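Let me begin by presenting the structure, written as structure tokens, before commenting on it.
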Amino acid sequence: MEEEVDKHQKSKDSVFFRDGKKRIDFVLSYVDDRDGERKQERRREYEANLQKAGLELETEDKSESDDRKTYFVKIHAPWEVLATYADVLKIKVPFKENDIPVHQDIPMDWLFTPFRLPDHIMNPEPDYFTSPFNKGKIDFFLIDDKETFFPPSVRNRIVYYILARCPYHKTDREDKKGIKRLLNNGTYGSAFPLHDSRYWKPSRDSNSESERFNLYTHWAQFFSFFKEQPLNLIRKYYGEKIGIYFAWLGFYTEMLFFAAVVGLICFLYGLFTFDDNVWSKEICSEEIGGNIIMCPLCDKKCGYWKLNSTCNSSWQSHMFDNVGTVFFAIFMGIWVTLFLEFWKRRQARLEYEWDLVDFEEEQQQLQLRPEYETKCTSRRLNRVTQEMEPYLPVTSQCARTFLSGATVIFWISLIIACIIGVIAYRLAVYAAFASIMKDSPTNNIHMVGSLITPQLATSVTASCINFVIIMILNLMYERVAIWITDMEIPKTHLEYENKLTVKMFLFQFVNYYSSCFYVAFFKGKFVGHPGDYIYMFGWSKLRNEECDPGGCLIELTTQLVIVMSGKQVWGNVQEALVPWVMNRWGSRKARSHPESRYSRWEQDHDLQNFGHLGLFYEYLEMVIQFGFITLFVASFPLAPLLALLNNIIEVRVDAWKFTTQFRRPVASKAHSIGAWQEILNGVAVLSVVTNAFIVAFTSDMIPRLVYMYAYSNDLSMKGYINNSLSVFNISGFSKDNRPEDGESPEWFNSSVITTCRYRDYRYPSGHEKEYSHTMQFWHILAAKLAFIIIMEHVAFMVKFFVAWMIPDVPSEVKARIKRERYLIQEYLHNYEVEKLKIQLSQRNDDCCCTPMIYPDISRHVVLSECL
């Protein structure tokens, strides 16, 4: 009994075999089914083939596991296997310490000390020059200890490479192989590399690095939010693919700081220039706004109203609709270019530092998906490998693509139908709110009562309903997108991810942004005029919405805040809460036992699996947010600030999730953020267009400028409100448009008040061009179109100029790459010369002279070869 406890205590937090020397590089788990003879046979053959491939296995019986059901197969890769496959995979390893001095003369460097992490955390390894591993030249590389030469992330990558290719059943027609197929058919329950320690305390074993503990202590805790990220340690522990994601997320967050500061300044400008806001003063004054009687905003249920009732919304609108809006829209067009260009430079630097310069797509990424091999029964000869391989007939491929496209179009149409439903809700409910609020019952509500108007109530409730619909459709479509992508049977994992990326982003784009596009570009643009209103679908009784006299921009701001903030809060809660609850539930029994019985592999087995699409969802969330802060930022300068605050939390939530809630993912390489780079470029270009249209058509900036410079006598905004409102004769209302008895306020007297005003530029009743557009309308339209053309051309010229000015790869990195290539050539040359000298001296022991093999070859020859 004591021996059993000792064994458990020894293995509890250990990543080694029972002998304490052989490192566990991978773990397979399975439950032995009573009727699983075929599975047993597959496991026996698969494990025998793994041992033939050189791997060493050690099985933990189910009696040793906590649930008494699960077997664990521990896998160790000895040096010979690691060296062989490191050669095959061309894994880069160090051969000389970097001798290029690093210049870090940062002015006032001491100011950044509080944000820095200890050097052993930021740089867990010295900086080396590296070269692809060659098993035949082992003494060329810096090998101090064969057991620790390859870090755990490289070891588990090599083992996974073997697991993915090892056969488990051979027939005359084909070899069935790969751990993924065995996981899919239930032969094994899970396959994962081990974390090196518990996250809250270091390992007792001095041979274990405890890098997980270091990551949790210095990175994953929220109170480290102001600290830099230990990217080299993240890359060393999780691999380059996850490392590049956190590098991108951190860089994006850093760049958001500058956009947030400028956006806050623009917002404060609008806040502190209230006193210069002449048009709002006119709306709020009793002499002007109090004497302007406005036409009803809906049929029958809406009465006449005074312009000064929109005083508060006019002031609110000024905070976002001012000169600063135009400046900020142009600034964001430049900012997004700088962000993308500087990211390319940061990415190039990481490519060099992480040995990804000559990286090509790994063979395992181009490996056939198990689902493809299973579902494609047809075979044909591969011209490259000269082996028979499965393929999907063209007819089947076309049919599946057509069905997939039809499904995507159907779901996008469903979104548009939901948006139309929300618009119909707005039109129907506005009349109800207007009727209820005609006597201002909300004024009794403490603090905010006077701010609640029918327009605001309609906008807020519609935005909340729209957000709920968005989230429901999002959850449903995720399953549909995966289903139709599976139905297409993509050949490789890379192809699968790309197809899913296109489908998901296209859907999310329409789902999240369609309501904002409606408010920005359609609401209030097609309303007609009193006596000749335009109705939804032409035949319905739902009259198209009008913009508030303060403009539609404030409503776009409301829509943006609710959808963007709601998504961010929901996303962070979901990311943190769901895996935590599932892990607590999964490990509920094990936590009641002594620690000595809860082994390292069982602890990791109870964590959530990080699927191959895990990073896909992380990128998707951030790219959707990127769209919010670029496509509609002219309407809400505080959007980058909200995104910044969210991302500060997001970095730590993701770090906490990776470190504490997920099994350790298999390390994989990636030299960039992949297809997301092109999507970001597309969104950046589109953002210039959308912001130009928002400033021109949604904001009131252009009409004000036209009035000031073309129609005002003293270049002031006095009289702008009266100028921007047209006059309608009340007697021209039809029975269907006229307010019902009792709907108009008590102060309205139809015998005294014969006209009402509405927002447009039209000739009054009795004019020869009655109710047709005035010349000022066409002047304003021309100014809007001119502004769009000028802003787009200026923004695009600046974008392309900045992109041309900033090289994608820093000159320092180019020099280091050339230096490394030169050194590799020179060292390999010298190595071969010395090796030949030794061989010849051993053969010619009687000869006392030194053989002259390439005695005086010049260095410039080697340099010219590598350059």
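Each residue, glycine too, has its Cβ placed from N, Cα and C.
The transmembrane segment annotation in TrEMBL falls on one of the ranges 456-477, 500-521, namely 456-477. If you look at the transmembrane segment (245-272) against the transmembrane segment (626-649), you find at least three C-beta pairs under 8 angstroms, all six or more positions apart, and that counts as contact.
The stretch with the most CB contacts under 8 Å to the transmembrane segment (323-343), chosen from 408-436, 626-649, 785-806, is 785-806. For the transmembrane segment (785-806), the list of distant contacts is 329-330, 333-334, 337-338, 341-342, 345, 684, 688-689, 691-693, 695-696, 702: same-chain residues at least six beyond its ends, Cβ to Cβ under 8 Å.
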